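Under the heading Zn(2+) binding site, Swiss-Prot lists Cys9, Cys12, Cys31, Cys34, citing sequence analysis as support. Positions annotated as ATP binding site by Swiss-Prot: Pro116, Thr117, Gly118, Ser119, Gly120, Lys121, Thr122, Leu123. If you look up Swiss-Prot, you'll see 1-50 marked as domain 'ClpX-type ZB'.
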Amino acid sequence: MEKDTELHCSFCGKEQKHVSKLIAGTSGYICNECIELCHDMLLSDAVETPEVESTEQQKLPTPHEIRAHLDDYVIGQDYAKKVLSVAVYNHYKRLRSDKQITDVELGKSNILLIGPTGSGKTLLAETMARMLNVPFAMADATTLTEAGYVGEDVENVLQKLVQSCDYDVERAEQGIIYIDEIDKITRKSENPSITRDVSGEGVQQALLKLIEGTVASIPPQGGRKHPQQEMLRVDTSKILFICGGAFAGLDKVIEKRVHVGSGIGFSAEVKSKQDKATLSQLFEQVEPDDLMKFGLIPEFIGRLPVVAPLAELDEEALVKILTEPKNALIKQYQALFSLEDVALEFSPEALTAMAKKALARKTGARGLRSIVEAILLDTMYDLPSLQHLEKVIVEASTITDNQPPTLVYKA
């Protein structure tokens, strides 16, 4: 009878007197030996599971490889791609060489992208981060204000980066932050003002420390539950900052300095006709003094040593953007239509008409999606309900005269 009532492990069957510990559950018992065995099994599984390589363990692509990857997704902007490829390579090479080089401190190569709206500034930064497999966060400079004022604090930019990698601080410190519309936070005049400029020069001052490198404190995941809770400490000296802006009017500042097309009377008229043709050439000649005249403070310019100018996209480039990149707009919509077993075709004239429309709107590549979406809206609305539809053909008249696309049905 005593044997029947003796407690034993439900897994191995050993009696209580033969083990050190027997833990009770809702419908059985488990001994310390079985717990240790399970622990060892779980531990061995964890060791066998391959870990995701950290940024430092991954092979760093060369500038040529970075450029080739950018070519797959971004049309044109050859000069900007070369500048970016070298700057990004040097930045991550610096991070990896910190442990090897002790006698020389390598400077940080933050980047300033200058180019018209829709020329590919944001796309370049996003593509770069995706290729390098590093955390990426984007912020709009126009929403930022100094701490204590209505608006978004500059530290929130850092919070977005840490959130993008599930609060893994070490991984976040290898990331890229892109700040758009940086030209909108220029100070209102060249002379320092005695009044507070919380959304212009004030934001530049607030961004300075983050960009040059500091140890910033941000709230932990879910925010601080009580005042004593520790904040997360993030070293921004390893984070690559890329700032971008259209800098409308900067070309006039550069033009004035280099005396391109300067003159009066008839020569002034010739100059105005050549403005668009020389925009990228002028941006390539930009100097720190030009940016100061535009409204960036000297300290801020000094933290962005690498300047990559982008050219205004012409009609030919916009047509290529529609069709050539790996994730080209036309390819995306063709894939959508293929899910309904329908082919989607665009005539060469239709592509040209869309490019011309985007140029007229002055939206660059950014405006192409809204144009394609508008001309295909009615067709996509009816598509799931149309029986035996085989092909949809978009002609130039669909864009220029608002004619519906041609629908071809199976015989």
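The backbone N, Cα and C atoms fix where each Cβ goes, and this holds for glycine too.
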Quick check on the binding-site residues: of Thr117, Ser119, whose CB has the lowest count of neighbouring CB atoms inside 10 Å?
Thr117
For Cys9 (Zn(2+) binding site), what is the secondary structure by DSSP, using just helix, strand and coil?
coil
Listed binding-site residues (Cys12, Cys31, Cys34, Leu123), ranked by Cβ neighbours within 10 Å, top entry
Cys31
Quick one: of the binding-site residues Thr117, Gly118, Ser119, Lys121, Thr122, which has its CA closest to the CA of Cys9 (Zn(2+) binding site)?
Thr122
Cα-to-Cα gap, Pro116 (ATP binding site) vs Cys34 (Zn(2+) binding site), nearest whole Å
67
Using all protein chains in view, find how many other C-beta atoms are within 10 Å of the C-beta of Lys121 (ATP binding site).
26
For the recorded Zn(2+) site formed by Cys9, Cys12, Cys31, Cys34, which further same-chain residues have Cβ atoms within 8 Å of the site's Cβ center?
Ser10, Phe11, Gly13, Lys14, Val19, Leu22, Tyr29, Ile30, Asn32, Glu33, Ile35
Alpha-carbon distance [Cys34 (Zn(2+) binding site); Ser119 (ATP binding site)] in Å:
64
Across all the protein chains here, work out how many other Cβ atoms are within 10 Å of the Cβ of Thr122 (ATP binding site).
16
Students should find that the Cα atoms of Thr122 (ATP binding site) and Cys12 (Zn(2+) binding site) sit apart, in Å rounded to an integer, by 61
In the three-state scheme derived from DSSP, which category covers Gly120 (ATP binding site)?
coil
How many neighbouring Cβ atoms, not counting its own, are there within 10 Å of the Cβ of Cys9 (Zn(2+) binding site)?
21
